[in-house]
Amino acid sequence: MKVKFAKKYGFCFGVKRAIRIAERNQHATTFGPLIHNSREIERLQKDFDVSLSRSLEEAQKFKSVIVRTHGITKDDLQVLKEHHTHIIDATCPFVTKPQQIVEKMSQEGYQIIIFGDNSHPEVKGVASYGDDVAIIANIDELKHLTLKKKVALVSQTTKQPEHFGKIAALLVSLVNECRIFNTICSATFENQFAVDELSREADIMVIVGGKNSSNTKQLFKIAKEYCTDSYLIEDENEIDNTWFVGKELCGITAGASTPDWIISRVQEKIEQI
């Protein structure tokens, strides 16, 4: 089977930074999964004794706590500080940016609108820095909001720029004063553009990444638009040889939290089909 990779894929700057931080802080715990890739989380625990705490109470039992790439809520951060925990901040700088924007705009009296998934830890963290905050998943939800005169818009870092642009355009037409902040990560945009391009060419697409990863699911969604035979897998063990019957070119991309060692194993298995 012939394999072709997307021009941009895999580990982004924020994830690489977080992995380095975790590897330098053995015996610490992360408050929530450091990244959305269970295999890499297992590697960090096995090789560096970096454990995973899923609750604030659990994290407080450790002397050192690593803040996940997606960030945590303002209240949770304050609790850790008051507990005199050694806090190691691995929040992606691209996530810190909308946190700061939301806090500043709220202080200036703006209603905050976040384009994102309300259950995602990044969005929960960003929203915690504002007072009057509405979270919308799509443009239809915006149409049903009661809007104030002054509104500021930010986005979850992994959303599709095209959808954000449409929301921004509608919002401008609805309010007297609107501040728009494009907080979508540049790596997200580049990876999405690359998978869009490759999926138009490939007979089959394999997207490698955590199934709980927002950016990976976005890549899968885009690939599926142009290549109906698209599959989202976490590692090589999920590959089904029957997918490739009658196919000539397999396109591969990977989410921002997918390490190279997993991608290489996937490539090797597909090339042997």
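Backbone N, Cα and C define each Cβ position, glycine as well.
For Glu122 (active site, proton donor), the number of other Cβ atoms no farther than 10 Å from its own Cβ, over all displayed protein chains, is 25. For Glu122, the entry in Swiss-Prot reads active site, proton donor, with the evidence type sequence analysis.
The [4Fe-4S] cluster binding site feature in Swiss-Prot is assigned to Cys12, Cys92, Cys185; the stated evidence is sequence analysis. All protein chains included, Cys12 ([4Fe-4S] cluster binding site) registers 26 other Cβ atoms within 10 Å of its own Cβ.
Long-range Cβ contacts of His120 (dimethylallyl diphosphate binding site) within its own chain (separation 6+, distance under 8 Å): His70, Gln156, Ser214. Marked as dimethylallyl diphosphate binding site by Swiss-Prot on the basis of sequence analysis: His36, His70, His120, Ser213, Ser214, Asn215, Ser257.
Asn215 (dimethylallyl diphosphate binding site) carries a helical DSSP state (H, G or I). Residues or ranges marked as isopentenyl diphosphate binding site by Swiss-Prot on the basis of sequence analysis: His36, His70, His120, Ser213, Ser214, Asn215, Ser257.
Ser257 (dimethylallyl diphosphate binding site): 29 other CB atoms within 10 A of its CB, across all protein chains. The feature (2E)-4-hydroxy-3-methylbut-2-enyl diphosphate binding site is assigned by Swiss-Prot to His36, His70, His120, Thr157, Ser213, Ser214, Asn215, Ser257.
The two recorded residues Cys185 ([4Fe-4S] cluster binding site) and Ser213 (dimethylallyl diphosphate binding site) have their Cα atoms spaced 15 Å from each other.
Separation of the C-alpha atoms of Glu122 (active site, proton donor) and Ser213 (dimethylallyl diphosphate binding site): 11 Å, rounded to the nearest whole number.
The Cβ of His36 (dimethylallyl diphosphate binding site) has Gly209, Gly210, Asn212, Ser213, Ser214, Thr216, Gly255, Ser257 as same-chain neighbours under 8 Å, each 6 or more residues away in sequence.
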